[in-house]
Amino acid sequence: MKSTSATKFSVLAAATFAAAHGIVSDIKFDNDWYTSSLVYQDPYANPVPERITWSFFGSGNGPVADFTTKDIVCNGNAKAAALVADVKAGATATFYWTVWPESHRGPVMTYLANCGGDCRTVDPSSLSYFKIDHAGYENGEWISDKIIANNNSYSLTIPEDIAPGNYLIRHELLALHSAYDELGAQFYPMCANLKISGSGTANPPGVKFPGAYKKDDAGILVNIYNGLTSYQIPGPEPYKSGSGSSDNAAEAVSSAAAEEPAAAATSAAAEEPAAAATSAAAATSAAX
């Protein structure tokens, strides 16, 4: 659902997430705020809220157990979202995570995939994903630490020159605290349905999930405690609007979260039934 103001910010209290894991709780595209699929609230609501984000209720807030399987696309046994967010090319997207544990250091990566038709009926593993943003380790600091310092939020720009259409946006954090073991890297992916408008024509080449990440990739099988001086972010280089070249966006950590500092303490109670009534008008419905 789309909330009418930042006061709907539904980041869960830290006590809700006793385990050291996390999910995206909210997404903002420019000034439009959407509550994400909430794994510990939505399954017990009646009716279950419709979201723009794909749900993975059975997986909780933990990582994908095996990133060589289809679970790496949109998380474990992900189910298609009912709603679609209308987003302009060139918009700023801000992802708000639940309280992220400091020990879970690693990169952040975001991809887009053109669904061709309706993203709500597509097999996400059949799509081609092009990276639009990533950030990792720079000047001795992990991007995950910057995200924590910015109210557990991260911002990036939707490429302004991509062709309009229906897209999945795939956003993930990768925790590397156990990545010294094979399959020890912890991926936390999620997907959301977008309808991107604009006058662009770019259709960048992409990669497949699963397949884009290998067990022995330098940025996946790595010991971050062993004198790390540099880090290679997994996957391709990000598409840079207008040129097709890469663009490391480590500086894109969101400061927007500071606009509503009190909202970070808002519990799931903020997701009152009345807000659910606004969802049909706030996002594209199944009829769109």
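Each Cβ is built from the backbone N, Cα and C atoms, and glycine gets one as well.
Record features, source Swiss-Prot:
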- HIS21, HIS104, TYR188: Cu(2+) binding site (BINDING)
- HIS177, GLN186: O2 binding site (BINDING)
- 249-270: compositional bias 'Low complexity' (COMPBIAS)
- CYS74-CYS191: disulfide bond (DISULFID)
- CYS115-CYS119: disulfide bond (DISULFID)
- ASN151: N-linked glycosylation site (CARBOHYD)
- 236-270: region 'Disordered' (REGION)
- 1-22: signal peptide (SIGNAL)
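Note on proximity: among CYS115, CYS119, HIS177, GLN186, CYS191, the recorded positions of the record, the Cα nearest HIS21 (Cu(2+) binding site) is that of GLN186.
In the structure shown, the C-beta of CYS191 has more C-beta neighbours within 10 angstroms than that of any other entry among the disulfide-bonded residues CYS115, CYS119, CYS191. Closest in space to HIS104 (Cu(2+) binding site), of the recorded positions given as CYS74, CYS115, ASN151, GLN186, CYS191, is GLN186, taking the CA atom of each residue. Listed in sequence order, the residues of the same chain lying 6 or more apart from TYR188 (Cu(2+) binding site) and placing their CB within less than 8 Å of its CB are HIS21, GLY22, ILE23, PRO63, VAL64, ASN75, GLU172, LEU173, LEU174, ALA175. Cβ packing within 10 Å was compared across the recorded positions HIS21, CYS74, ASN151, and the lowest neighbour count falls to HIS21. Comparing Cα positions, CYS115 (disulfide bond) lies closest to CYS74 out of the recorded positions CYS74, ASN151, HIS177. Each residue contributes its Cα atom, and for CYS74 (disulfide bond) and HIS177 (O2 binding site) these two points are 22 Å apart.
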